[in-house]
Amino acid sequence: MGKGFYIGKAVGIVGIILCAGALATIIALSVVYSQEKTKSNNQVSPTAGGTTANPPVTPSPSNEPWDKYRLPKTLVPDHYNVTLWPRLTLNTTTGLYIFTGESSVEFKCAEETDLILIHSNKLNYTKLENDHLARLTSVNSGDKAPSIKYSWLQGVTQYLVLQLNGKLVKDHRYHLDTEFTGELADDLGGFYRSEYQEDGITKVVATTQMQPTDARKAFPCFDEPAMKAIFYITLIHNHGTVALSNGEVKESSNVTIEGHNVQKTTFEPTEKMSTYLLAFIVSDFAFINNTIDGVLIRIFAKKSAIAAGQGEYALNKTGPILKFFERYYNSRYPLPKSDQIALPDFNAGAMENWGLITYRETALLYDEKFSSNSNKQRIATIIAHELAHMWFGNLVTVKWWNDLWLNEGFASYVEYLGAHEAEPDWNVKDLIVLSDVHRVFAVDALASSHPLSSREEDIQKPAQISELFDAISYSKGASVLRMLSDFLTEEAFTEGLQTYLKRFAFGNAVYTDLWDHLQMAVIAHGINLPDTVKNIMNTWVLQMGFPVVTINTTTGVVSQEHFLLDPDSEVTAVSPFNYEWIVPIKWMKTGFIQEPQWLRSKSATIIEMKAPLTDWVLANLDVVGYYRVNYDQGNWNRLVDHLKNNHKLIPVINRAQLVDDAFNLARAKIIPTELALDTTKYLNQERDYMPWESALSNLDFFYLMFDRSEVYGPMQNYLRNQVTPLFDYYKNMTDDWSKVPDGHMDQYNQVNAISMACRTDLEECLLLSKTWFNQWRTTSENKIHPNLRSTVYCNAIAAGGAQEWEFAWTEFQNTTIAIEADKLRFSLACTKQPWLLNRYLEYTLIPGMIRKQDATSTIVYIANNVVGQSLAWDFVRARWSYIFTEYGGGSFSFSNLINGVTQRFSTEFELQQLEKFKAENSEIGFGSGTLAVDQSIERTISNIKWLTENKENVLNWFNTAL
Ligand code: BES
Ligand code: ZN
């Protein structure tokens with residue numbers, strides 16, 4: 001037993017570690033000490049107050065098993081008993097929050113070995129027998145475990161290493177016991193601390209985020225997705241607090257440990273599962289619940305949010321979505337309960353811990369008075385996404401992180417199906433085209449993109465794993481699975497999926513296992529395909545990028561080419577398929593749907609045409625295919641004419657696509673920029689959301705490139721002209737802005753109308769925004785509808801000065817509603833005053849002002865502002881090393897940050913700065929933003945060229961368009 005610790009009332013295998021008041025100092029300090037050691041990549045991390053047995057000194061770099069990031073295959077965990085005690089009060093002497101823990105893991109020896117490697121990061125161990133960091137015993141009766149020779153912590157690869165004096169015997173079982181402490185830091189990873197104010201006091205929540213590699217920060221574990229085990233969890237917590245974990249509460253009792261009267265909550269053992277899906281939470285939250293077919297559904301949040309009814313929407317939608325997935329997967333929800341909890345500090349949007357899903361407050365809590373329809377949609381889709389993982393990801397898990405794209409891509413596809421079930425009137429399934437397909441086309445068209453699938457050997461370090469959580473895995477994954485589901489038919493797709501889930505339940509799989517099961521379904525359903533599922537999908541999964549399919553309507557020849565945003569960029573990555581794809585082509589002629597075709601080679605005559613050509617051809621119906629489409633000039637002209645004369649004959653998704661394809665083909669110099677701009681001419685008649693949204697996001701690029709140049713004025717005049725009819729249309733529809741449009745898409749487009757009208761300085765719009773905002777400021781009554789708040793706040797703050805900004809900042813600080821705070825935080829970045837923006841930038845790195853979870857997105861908001869761009873860039877490069885070390889827990893954030901602050905880059909000077917930034921920080925590194933640096937350089941180069949080549953013709957076009 002370690003110095004300063006003793007086991008309290010021991011129950012079962014697991015006792016409770018206590019730290020007496022005076023000793024807390026030593027423990028806490030040793031936590032810090034051990035972290036410092038870890039940071040300095042030291043091999044040895046001595047425990048509190050003494051030296052550990054000597055580890056072998058190995059030359060560096062060495063190739064010992066503990067220098068490798070992957071666990072050896074020698075040991076296989078069976079189950080763990082873990083007791084954790086997070087302290088929700090600050091130790092005033094050390095200024096730290098800590099947790100203490102005790103763990104016992106039973107594992108089987110699969111291959112004889114004298115070495116135990118188990119993941120451990122930033123934990124500080126109590127010395128047990130013979131001054132070692134762990135105790136090893138044998139489970140097999142009559143067997144004696146070998147004694148420990150050396151024990152130490154390997155900082156770089158995050159292991160607790162035990163070298164034994166003898167060998168572990170194949171097929172024998174052992175227990176490894178440890179006692180440890182860790183810091184309950186506010187770093188959003190592992191077992192961490194979240195804080196919020198309620199009733200005038202600061203409240204602390206202890207919570208977890210394990211994915212991908214932070215379970216090892218909470219307790220020593222075999223922290224790889226294929227090392228599934230059963231977990232017996234116990235949490236020690238104060239009376240009046242609630243303890244939650246993956247399983248149901250088995251028992252909760254009053255215990256006195258070391259004079260502390262506390263609650264000890266034991267949970268039912270989990271199913272066999274991966275460590276990254278574990279969750280432990282202690283809070284004083286409230287909940288609401290219901291039961292659907294025997295499954296208990298609960299929504300937890302801070303008391304004030306539950307009291308205000310903000311959990312109701314999530315509770316009402318969870319049951320139907322869960323039932324939908326049971327049907328879709330043909331599999332009962334595998335657990336007895338489904339908890340979902342909204343946390344004030346949370347790095348991602350949500351996390352699919354099995355049975356205890358964690359969310360940002362804004363991703364789970366809905367309040368009619370504060371939430372927009374967009375906020376509501378996010379809640380419905382994110383719930384669907386995480387519930388989809390309960391089977392796909394949790395019940396059946398990828399073997400290793402290189403297949404992460406399958407996990408996230410799948411959930412990102414079916415989240416639309418689940419959300420559609422919850423809100424059938426929204427047409428939400430269409431939106432995957434804007435939010436995923438179009439979004440990822442932008443990055444996947446770069447020569448610095450990468451294939452969906454990575455090789456297992458290439459993904460080793462935690463930062464490499466984190467880097468995989470990118471738009472390619474999520475949005476390209478979702479897009480190609482949607483395409484697959486479409487050409488297989490939903491029946492065959494779901495059948496293959498169902499047998500796959502059945503076959504690998506509680507186990508692990510690789511993506512080709514899914515292809516095998518889909519192939520069986522294809523055969524069973526007699527589906528006619530040009531090749532096997534695997535061969536077709538390999539072309540989409542194993543090579544980066546996507547094709548532009550060109551249809552020559554005069555000859556019927558269809559051909560394909562790797563689509564590159566910058567045709568001059570050099571593609572160094574070799575493709576196994578020479579950048580050719582097996583492409584499913586759904587198409588229509590003059591409004592009539594034709595027989596679908598496959599393009600299986602570089603080019604083929606597969607479209608039947610009859611001269612004379614008054615007909616127009618449109619391909620990639622509903623943008624189900626992951627590719628862009630180009631046509632001969634004649635067909636483009638007919639399509640553009642058709643948009644102008646009778647746009648409704650072209651399906652709404654394809655109207656959005658025509659605009660997006662045209663703008664991007666122009667950027668790639670495949671068609672003239674003027675032709676792309678021509679597709680916007682009909683917008684004065686367009687009322688639908690999707691084409692407008694598509695046009696606005698493409699015009700956004702024009703704003704980025706031209707809002708500092710002479711093109712700006714004529715562009716503004718043209719766009720104001722185009723958007724005014726839309727503005728008037730919504731003004732009428734809403735009875736002078738007094739009502740909310742009925743349709744979900746109309747509500748979105750109303751926001752577009754207002755934000756674009758104000759952006760183009762339409763007086764009526766600016767006046768409206770200023771008046772509404774000032775009414776709020778002067779009367780303290782906010783009458784602005786939640787749908788319109790972000791844009792109205794932003795417009796008013798942009799038009800105003802310090803007074804408006806300070807008012808919004810005070811509101812931001814005072815509101816307890818996260819979704820309102822988010823709208824204000826976004827709008828505060830809209831001011832045109834450089835000094836306010838600079839001060840705001842400073843706030844982003846003070847967690848008391850801007851939560852850590854929001855720091856990077858706030859900087860990006862500022863960079864999106866034409867005045868803030870250079871300020872944000874200067875800020876980021878000046879503080880890169882600080883941001884990188886302090887905010888390193890984030891997975892998405894670094895790539896978003898780098899891409900965000902460099903978005904507008906389009907000059908040689910900016911390119912030089914960017915390259916200098918890359919060179920100067922090569923030592924510190926960019927972590928999960930590594931790829932983003934190269935992507936930004938590539939984008940900048942392409943922007944420079946685009947600007948020189950297009951500025952004049954674009955100026956002319958806008959000058960003559962009216
Ligand atoms: N598994 C992820 C959460 C996650 C992301 C953990 C990155 C660790 C690193 C979760 O299922 C997820 O994908 N969440 C998304 C929401 C979704 C609707 C795209 C998120 O957090 O944004
Ligand atoms: Zn996910």
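In case you wondered, yes, glycine gets a Cβ from its N, Cα and C as well.
Just so you know, TrEMBL annotations are computer predictions that nobody has curated.
Feature annotations, reproduced from TrEMBL:
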TRANSMEM  12-33  transmembrane segment
DOMAIN    76-277  domain 'Aminopeptidase N-like N-terminal'
DOMAIN    313-540  domain 'Peptidase M1 membrane alanine aminopeptidase'
BINDING   His385, His389, Glu408  Zn(2+) binding site
SITE      Tyr474  site 'Transition state stabilizer'
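Feature annotations (TrEMBL) mapped to structure.
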| residue | record | DSSP (3 states) |
| --- | --- | --- |
| His385 | Zn(2+) binding site | helix |
| Glu408 | Zn(2+) binding site | helix |
| Tyr474 | site 'Transition state stabilizer' | helix |
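If you take the Cα of His385 (Zn(2+) binding site) and the Cα of Tyr474 (site 'Transition state stabilizer'), they are about 11 angstrom apart, rounded to a whole number.
When pLDDT is averaged over the domain 'Aminopeptidase N-like N-terminal' (76-277), the result is 96.
Neighbouring residues of the recorded Zn(2+) site, listed in sequence order and excluding His385, His389, Glu408, comprise Glu352, Glu386, Ala388, Phe392, Gly393, Asn407, Phe410, Ala411, Ser412, Glu415 (Cβ within 8 Å of the Cβ centroid).
Cα of Glu408 (Zn(2+) binding site) to Cα of Tyr474 (site 'Transition state stabilizer'): a distance of 5 Å. Packing around His385 (Zn(2+) binding site) is summarised by its Cβ count: 27 other Cβ atoms lie within 10 angstroms of its Cβ, all protein chains included. In sequence order, Glu408, Gly409, Ser412, Asp436, Val440 are the residues of the chain that are 6 or more apart from Tyr474 (site 'Transition state stabilizer') and have a CB within less than 8 Å of its CB. Residues within less than 8 Å, Cβ to Cβ, of His389 (Zn(2+) binding site) and separated from it by at least 6 positions along the same chain comprise Glu352, Asn407, Ala411. Here the Cβ of Glu408 (Zn(2+) binding site) has 23 other Cβ atoms within 10 Å, regardless of which shown protein chain they belong to.
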